[in-house]
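Student: Below you will find the structure I want to go over with you.
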Amino acid sequence: MLRGGRRGQLGWHSWAAGPGSLLAWLILASAGAAPCPDACCPHGSSGLRCTRDGALDSLHHLPGAENLTELYIENQQHLQHLELRDLRGLGELRNLTIVKSGLRFVAPDAFHFTPRLSRLNLSFNALESLSWKTVQGLSLQELVLSGNPLHCSCALRWLQRWEEEGLGGVPEQKLQCHGQGPLAHMPNASCGVPTLKVQVPNASVDVGDDVLLRCQVEGRGLEQAGWILTELEQSATVMKSGGLPSLGLTLANVTSDLNRKNVTCWAENDVGRAEVSVQVNVSFPASVQLHTAVEMHHWCIPFSVDGQPAPSLRWLFNGSVLNETSFIFTEFLEPAANETVRHGCLRLNQPTHVNNGNYTLLAANPFGQASASIMAAFMDNPFEFNPEDPIPVSFSPVDTNSTSGDPVEKKDETPFGVSVAVGLAVFACLFLSTLLLVLNKCGRRNKFGINRPAVLAPEDGLAMSLHFMTLGGSSLSPTEGKGSGLQGHIIENPQYFSDACVHHIKRRDIVLKWELGEGAFGKVFLAECHNLLPEQDKMLVAVKALKEASESARQDFQREAELLTMLQHQHIVRFFGVCTEGRPLLMVFEYMRHGDLNRFLRSHGPDAKLLAGGEDVAPGPLGLGQLLAVASQVAAGMVYLAGLHFVHRDLATRNCLVGQGLVVKIGDFGMSRDIYSTDYYRVGGRTMLPIRWMPPESILYRKFTTESDVWSFGVVLWEIFTYGKQPWYQLSNTEAIDCITQGRELERPRACPPEVYAIMRGCWQREPQQRHSIKDVHARLQALAQAPPVYLDVLG
């Protein structure tokens, strides 16, 4: 509240009427208006200064509080208490200064609504103590308490510890206890947090049993104690009993989900908080699940096993014991936190038809066993006969000069050599006929209805930003790439395009189902395509429809189709062909059911529930092994592009797609610049640059090479290990440009081992020639994926 408001002036109550009045004050202040005559006046763009003597007795109902980042208060002797309600609306507050005032008490929860507070100055007030709870949860860079009549007691032990550890600038203040000497010399032998001991059953319990836990609390000045039951509601019926110093907890009718769940007892006193966690072992029989084999780096037969104790595993192949080798072996993925279920793969390195058959996984523990079987086919039999059958032998006619007097019998009327010659002649005729048909088809005037130009103009928002790299890379002059900051003049190379024959699909074979999204080029649909592959009558595909029918758009469409036809790799999204019958023109791609990698990472990260908005989320974050597998697959696709001398220019997780079995492929359908518009920085009219993924030479000189792609891949690695966060998310585009060009690097993500961060930093060398090659990066990631490092997130 305010004291001593004046009448007849633009006082506190008048400019508190609304944000428009506050804006007027800010404009006047910036224009050099006369000094503010009231108790609190605007300071800077988002600050407030309250310095008139005795004008405040609380901070309740500060005007424009929701936008304040700095609050300075001085000479307010009537301001004696700081409580929760005083700072309720100051969610953006960073700096708070209350000096030379009458402040005597700060409530333990006073700063609950100011989580961004980083600097707190309460010097020269009347504070005798300050609870550790007051600063709990704040990331304070500076805490100033000098000039207060502090009373030395165990309640200030936390502040003494800050002084010992050099936190918050406390050591420089050399705090004094009123009449008792320096705070650093305060005796603290008896100042300890509570001591906890939780009694758990010695033996494991069975599903359906009841478990009684007891928490014994010891220590001085006990204030509160209790149980943390967040993870337990679905695992048992919970009943609490007792109170300090002995707390009881009954878990009735326990389920197998209780395994690996933390049961935590906590207690607090004026010194601090203590917690002790225990786990209860619930025994249950083994269970197993097998899934269809998927092709990743190697082939993988995914499985999930559960049981307590952990079951032993054994594989059978066609009913016989499968002996594991370096080519066929069991690999477990990183276990999810607080779960007994283990996920893994039976890895098969380059399996052939010999490995086709029935695979059975047996799992057993002392309480039971389980098995599951699945048929796997990795390759068709290349032989037309059974290799185990005897090979037929043709006998030559018996020599008439034989000494034997037996009659001679000829096996065939037609000599074998004549049969071979006739067969070869027929084969040659068929081959030449087929070749002539293909040449005639590809040599005719193309089905796009346009003639190919010798030099192609800059593209405008193609689905995949993949470009042929001319000698030494490519760069954009200021007049180039008006349609997109990522495109330059692409010179057609006969080595890559002269023999390209784009597959044409009949429109009647495409049945659109529903719209997946829309980009600058047009719309993308989920469709059902018939007669696309010989082994399937119909299959789901993604269809991109061209919005414009202009000549330049059709040329871009043709060039993109030819380019995509040339790209055939297991980690590049597969392009099936085009449909040019009628309008609009269509491109047909492989359908990746899980969408783009960025959304997939966010929905499988630690913040998935926060981002889901009530929808179902994945059971837990991706583990280290899975993150490494994702990164290695993206690197494999980039190795392939680099081998063809293609520069991507827009490599990011938003431009990668995820399919069944955690298969990741490079490529998008041109929607990323619309869906992820905040990832691009607009330069001029239409140019959009992904500056947060670009190296200094690309930002400053528009130079794009395979080395600039390596830099971008390092940023993609950072995205993967932050579960899809935007690089430099805390900075504006211009601030991010400054950081990149000045040599600053993204910080190591919490989920990232040092070995992976070393790879990132190798990708971010300022000199392009000093960066790792993408081939070397891929090899290192593959090695880490096969043997993930042991990494503990001590902060998580």
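First residue shown is number 1, and so on along the chain.
Here the Cβ of each residue, glycine as well, is placed from N, Cα and C on the backbone.
The structure displayed is predicted, hence computed values, not measured ones.
The following feature annotations were taken from Swiss-Prot:
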TOPO_DOM  33-423  topological domain 'Extracellular'
REPEAT    90-113  repeat 'LRR 1'
DOMAIN    299-365  domain 'Ig-like C2-type 2'
TRANSMEM  424-439  transmembrane segment
TOPO_DOM  440-796  topological domain 'Cytoplasmic'
SITE      TYR496  site 'Interaction with SHC1'
SITE      TYR791  site 'Interaction with PLCG1'
Student: Taking residues 6+ outside the repeat 'LRR 1' (90-113), which of them lie with a CB under 8 Å of any CB in it?
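Tutor: Counting only partners 6 or more residues beyond its ends, the repeat 'LRR 1' (90-113) has Cβ contacts under 8 Å with 46, 62, 65-84, 119-128, 130-131, 133-135, 138.
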Student: Find the average pLDDT over the topological domain 'Cytoplasmic' (440-796) in the predicted model and report it.
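Tutor: That region's mean pLDDT is 79.
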Student: Sort the residues of the domain 'Ig-like C2-type 2' (299-365) into helix, strand and coil with DSSP and give the three counts.
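Tutor: Split into helix, strand and coil, the domain 'Ig-like C2-type 2' (299-365) gives 3 helix, 39 strand, 25 coil.
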